[in-house]
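Inspection log for the structure reproduced underneath, given as structure tokens.
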Amino acid sequence: MNKFIDFLSEKFTPVVNNMTKNIWVQSVQSTIMKVLPMVFVGSLVTIVSVLKNYISFLPDLSPINQYTFGLLGLFIAFLLPMEIMKNKKFESMSVVAGLAGAGLMLMMIRPEITNEGAIFNFNRFGGEGMLVSLVAGLFSGLIMSLFGSFSFFGEDSATSRFCKQVVLIICYL
């Protein structure tokens, strides 16, 4: 038993500590922590649904369960690139990265395109799409972080000042 404890403290723990200092791993951890309340709500609703089999007057809360567990993949695809951008100090691009991750996930789950529009299989937003959402979030976070410091316009360029003035005028109206 002492050999096992020594292995954990001398070999395993330093490797895990180095791994958790990685920005990408930190981003995944933070994303999962932000999604956990939805898992908790879904779990409570599942418990109430099980109790409904024995106590007939309890309400049917299955739609809440479907929308808490059913949208986890979409939440992860949005939050993961946001966390990556925040950890890489590109806070101004975090929302754009999150939207890019969600959009990429929507493309990757392959909706059925008909004459009426796109039809999504709702199951792919939840557990079935969890790996897809992680890949979409990591990929969009990578692309956005590579181009995070790139800008067509400098901070003091005429175009930048013009855009700021237009925004001020629009806000004033």
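Quick reminder: no glycine exception, Cβ is built from N, Cα and C everywhere.
What TrEMBL says about a protein is an automatic prediction, not a curated fact.
Taken from TrEMBL as is:
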TRANSMEM  35-55  transmembrane segment
TRANSMEM  67-85  transmembrane segment
TRANSMEM  92-109  transmembrane segment
TRANSMEM  129-154  transmembrane segment
- Item | Stretch with greatest number of CB pairs under 8 Å, the transmembrane segment (67-85) reference, 35-55, 92-109, 129-154 candidates | 129-154
- Message: Please report, as numbers and ranges, the same-chain residues at least 6 past the borders of the transmembrane segment (35-55) whose CB is under 8 Å from any CB of it.
- Response: 61-62, 64-65, 68-69, 71-72, 75-76, 79
